[in-house]
């Protein structure tokens, strides 16, 4: 999860987020190299007194600055498209959870179980226990098995929120009348916090998301206790 004065991303806990972090570093290196080259050329232009007053065109230079940007764009586009297809790919999910956005809370339904559903409200600041996080804790956490593919079906009843958990690389809009889907898989257990990431109304800031990823045997015990 995030911590005060954090400068980078949250620690990745899913294969998709790992890929996104690698892509970010890859793109940032390209931006750094281009910026360094531009600054170097500007410094040369400001410091040198040599000019080519008789030069009308330079086909070699024009060819280079046409081909080089195209190569750079391809180097950015190919890994980006690969990650986009990975995020859309859903292969035999082990569990399906339906998420509905409301004013101003989330409700969850485990569709593989006959009667396992609940609402998840933010815990008010006045009711927080020592060590709990302001504006991030909920009364009912979403418990999921780790190291298993989970499909999330996301929609809304009224407003237009967005269901997002940064450390898992998830952000999916919840739209009334439309069912969006995404997948998640955690490589380690823990609590993972998210929030509504679309300004959906007056209490947009009070729609936190808490996922509790646990080993399968603990998930089975939890699901049995909830039925």
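Cβ from N, Cα, C; glycine included.
Listed in Swiss-Prot for this protein:
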BINDING   196, 198, 200, 204  Cu cation A2 binding site
BINDING   196, 200, 207  Cu cation A1 binding site
BINDING   198  Mg(2+) binding site
MOD_RES   218  phosphotyrosine
TOPO_DOM  1-14  topological domain 'Mitochondrial intermembrane'
TOPO_DOM  46-59  topological domain 'Mitochondrial matrix'
TOPO_DOM  88-227  topological domain 'Mitochondrial intermembrane'
TRANSMEM  15-45  transmembrane segment
TRANSMEM  60-87  transmembrane segment
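Non-local neighbourhood of residue 200 (Cu cation A2 binding site): 101, 104, 159, 160, 161, 162, 207, each in the same chain, at least six residues away, with C-beta under 8 Å from its C-beta. A simple Cβ count within 10 Å picks out one of the recorded positions 196, 198, 204, 207, 218 as the most packed, and that one is 207.
Within the chain carrying the topological domain 'Mitochondrial intermembrane' (1-14), a Cβ under 8 angstroms from the stretch's Cβ atoms is held by residues 20-21, 24, 166-169, 184-188, 190-193, 213, all 6 or more beyond its ends. DSSP labels the residues of the topological domain 'Mitochondrial intermembrane' (1-14) in these numbers: 0 helix, 0 strand, 14 coil.
The distance from the Cα of residue 218 (phosphotyrosine) to the Cα of residue 204 (Cu cation A2 binding site) comes to 32 Å. Reduced to three states, the DSSP call for residue 207 (Cu cation A1 binding site) is coil.
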